[in-house]
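Novice: Let me give you the structure first, and then I'll get to my questions.
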Amino acid sequence: MFKKLLGDPNTRKLKRYFPLVSDVNIFEEDLLSLSDDDLRTRTSEFRSKLEKVSSPNEELSLLDELLPEAFAVVREASKRVLGMRHFDVQLIGGMVLHEGQIAEMKTGEGKTLVATLPSYLNALTGRGVHVVTVNDYLARRDAEWMGQIHRFLGLSVGLVQQSMAPLERKKNYECDITYATNSELGFDYLRDNMAADKSEIVQRDFQFCVIDEVDSILIDEARTPLIISGQVERSQEKYKQAAQVVENLKRAIDTSKDGIDPEGDYEVDEKQRSCILTDEGFANTEKLLNVQDLFDPKEPWAHYVTNALKAKELFIKDVNYIVRNDEAVIVDEFTGRVMPGRRWSDGQHQAIEAKENLSIQPETQTLASITYQNFFLLYPRLSGMTGTAKTEEVEFEKTYKLQTTVVPTNRKISRQDWVDQVFKTEAAKWRAVAKETADIHQKGRPVLVGTTSVEKSELLSTLLSEQQVPHNLLNAKPENVEREAEIVAQAGRAGAVTIATNMAGRGTDIILGGNSDYMARLKIKEILSNRLVKPEEGHKPPVSPQRKTKSAGFKEEKNKNLSISKQNQSKSFLNIFPVSLTEDTDAKLASLASKLVKEWGDRSLSSIELDDYIATAAEKTPTQDKNIKELRIAIQLIKNEYEEVLSQEETNVRRVGGLHVIGTERHESRRVDNQLRGRAGRQGDLGSTRFFLSLEDNLLRIFGGDRVAGLMNAFRVEEDMPIESGMLTRSLEGAQKKVETYYYDIRKQIFEYDEVMNNQRKAVYSERRRVLDGRELKLQVIGYGQRTMEEIVEAYVNEDLPPEEWNLTNLVSKVKEFIYLLEDLKPEDLLGLNKNELKDFLKEQLRNAYDMKEAKVEQSHPGIMRQAERFFILQQLDTLWREHLQSMDSLKESVGLRGYGQKDPLIEYKNEGYDMFLEMMVNMRRNVIYSMFMFQPAQKKVEA
């Protein structure tokens, strides 16, 4: 009703951009006739204009003024370099991002290309732009692919990857545009604020940031703070004992009601992800461990037992983690990717290692931490893009002050979303999924099946293998991760079946008929690897659809070849390469391989180096390197031959209905379901989607409550018969909304608590940066000393008492504790002075004593006082900050209980946290001044 009266606010927003789009189109006509060099000079012209402005506001208004022409320049460069022209709706997306908003753009609408527009415009300031992706693979791909446009226009493009050394990182951060993942940016920020020297800092001041898949980073990952930790010593034997003990404990089936424990040793709350021992469980555990009290401070066991229970019940192998090389590696619940190097904190990871009988790594202590919310709020200007933001619009607005604008699609969406099929049992659901997959596959349509865990993907793989359906598996298992790009490249081919764990953030569009460009790259790599790549790295041939896979809980048939039958092989969609190359092309490729061996050496390249050469050759950027030129010609030759077959395949796939997407479980968030649906019907293509669910699915089981339990009893239908019910659909939507609200509250709470830490963190980090910059260190230390003198006077002088009753003897002895050079100071020297005069007198004495100390030290070691000042301030700041982080963690745990005493835990946390921070800063100042006066540089050795 209100929309009709007032108009849709999103439409009103979009109308503002239409005149700007017209301006870009007018500029585009003027640029057509320019040479490449003339087009490139526009960059330096823009930059020279920006150099003349003096304030940030002036700079921003000039950028707005330059926007139409700058966008037209990027569009023209993209046409020349990539052969891709930004659509008008993509220009609108770029304008939304430049204004510091979130652009919601559907899958396949070219978000990656959109990011080039605001990135180029804002990089003209020379202060750096960060383009953030969810994983290293996407950062690398975008830097190579979209970076061509920026390099063509004369801008430098950087890439930060997990394996890079600090010097390399620094060089890449100094580029005009830097591609990186959210975690690399966050960890580099924390490491920079632990640096002992200015030369170790790799990042510049933040300016403008574009986040791809912004909902994944700012919403999904916001529950997990970034933590840098150091090792602490704790008994590893206790983890093993606790793991053995909990195996003998029995889980309670019911939950406690009215304070009465259920039968069993412990309760599990899957919603809160917690395990609680019952009274009976406490008694049994103490008996099994042969201890009197699990909470005994001298011999604490409760922490170990709780973690062991959570490891047993809530952390599931092949769902939450996989075991690889004697390690438990976390699987990201949103993207389905493994996260090597990341560990659960507070002893939880050690409990999982004990459960799996792996080597137990030492426990860690937090050295530095920040949440993604507070990290990204450090950027003066922040923007993001995603296919699904509208459902989280309120959170973006409240937490990040980011508005969301829905950008229209270039073509009308033709996708059909079929009605959900709900089954009573999980087993029936999986049989139905396998049947629909096989049926659609038989029609020659590609099928993408989204699963929620490694375990479930392998279960479906086994069911499809039994039905002789060739398929590819894309999950967190290392052997599958390595094949990710290959698998996605062929996922749109006729009859292709792809099982993928959580497609969120996969970043690669599924092209109907297959991706000829990527297949050509794979082919050239296959040909060149055997001749050019180092023997120890070997070459893994491109993957073909599998029929048999190893699967947990299923018996593997021995001696069965994984390759498909001859009958199936004849179907074009079953091979990674659509057609054998002609003899002429084969001969040219063999000749090229021999030539490159002479140029680059026999088996002398790493696999990554060869990838780099191939990626550069696949670009359209001008190059003088003759080897790259020849590689480029070879890739085009292969691509042309593949294109002939694949274009026909694309026509056939469109004719039979396009890509079919199957969801096998509702995610906790409707947004992630929409992301999976969005894989079908990209850019106006035909496509369809369907979700298969069961009443035993986690979402309904944990959050559906008693209503779903009642439904299970009410539906007296066959197991394999799908259920359709309005009440069931409402229960499902209600459960999802309940989960979204629940997790939003968790993120809000994390943000509110970290906001307290954030102000303290900013104060500590700015103090550190000032020290590293070496600005007026002496004045800073003297300032610390003067504050200490004031605090001593405040502690020992009570103005309510007459001066003769002031405890000047103790005051003087306290001053001497800090400044031993004032050994001649006597209480009688202070007689007759009022409180303020006392402070001024002691401050003056401190300054004189510090000058004496400096003169004495500098005489034998010139310049060492500044080094000592820097060392002691950093040492004290870092040590006390580390201890403070632990104290704040303990405080956070303890204030939670105060809610029972009608006190707001957050206010208690703020007040006590503030007092603790002030105390920390007081201790830091006192320790520094004490250390500086006690400092005795080592005597230089005099050679005989």
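Placement of Cβ uses the backbone N, Cα and C atoms for every residue, glycine included.
Quick paste from Swiss-Prot:
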BINDING   Q90, G108, E109, G110, K111, T112, D509  ATP binding site
REGION    533-565  region 'Disordered'
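Situate these features within the shown structure.
Specialist: Under the three-state DSSP scheme, D509 (ATP binding site) falls in the coil class.
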Novice: Return the maximum Cα to Cα distance in Å (whole number) over the record's ATP-binding residues: Q90, G108, E109, G110, K111, T112, D509.
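Specialist: Across Q90, G108, E109, G110, K111, T112, D509, the widest Cα separation comes out at 17 Å.
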Novice: Whose Cβ lies within 8 Å of the mean position of the Cβ atoms of Q90, G108, E109, G110, K111, T112, D509, the ATP site, other than those residues?
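Specialist: Other same-chain residues with Cβ inside the cutoff are M105, T107, L113, V114.
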Novice: Within 10 angstroms of the C-beta of K111 (ATP binding site), what count of other C-beta atoms is obtained when all protein chains are considered?
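Specialist: So the number of other Cβ atoms within 10 Å of K111 (ATP binding site) is 26.
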Novice: I'd like to know which of the binding-site residues G108, G110 has the most other Cβ atoms within 10 Å of its Cβ.
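Specialist: Result of the Cβ crowding comparison: G108.
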Novice: On the three-state reduction of DSSP, what should I expect for T112 (ATP binding site)?
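Specialist: Once the DSSP labels are grouped into three classes, T112 (ATP binding site) ends up as helix.
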Novice: Near E109 (ATP binding site), how many other Cβ atoms are within 10 Å of its Cβ?
Specialist: 26
Novice: Sort out for me which one of Q90, T112 has the most neighbouring CB atoms within 10 A, since those are the binding-site residues we care about.
Specialist: Q90
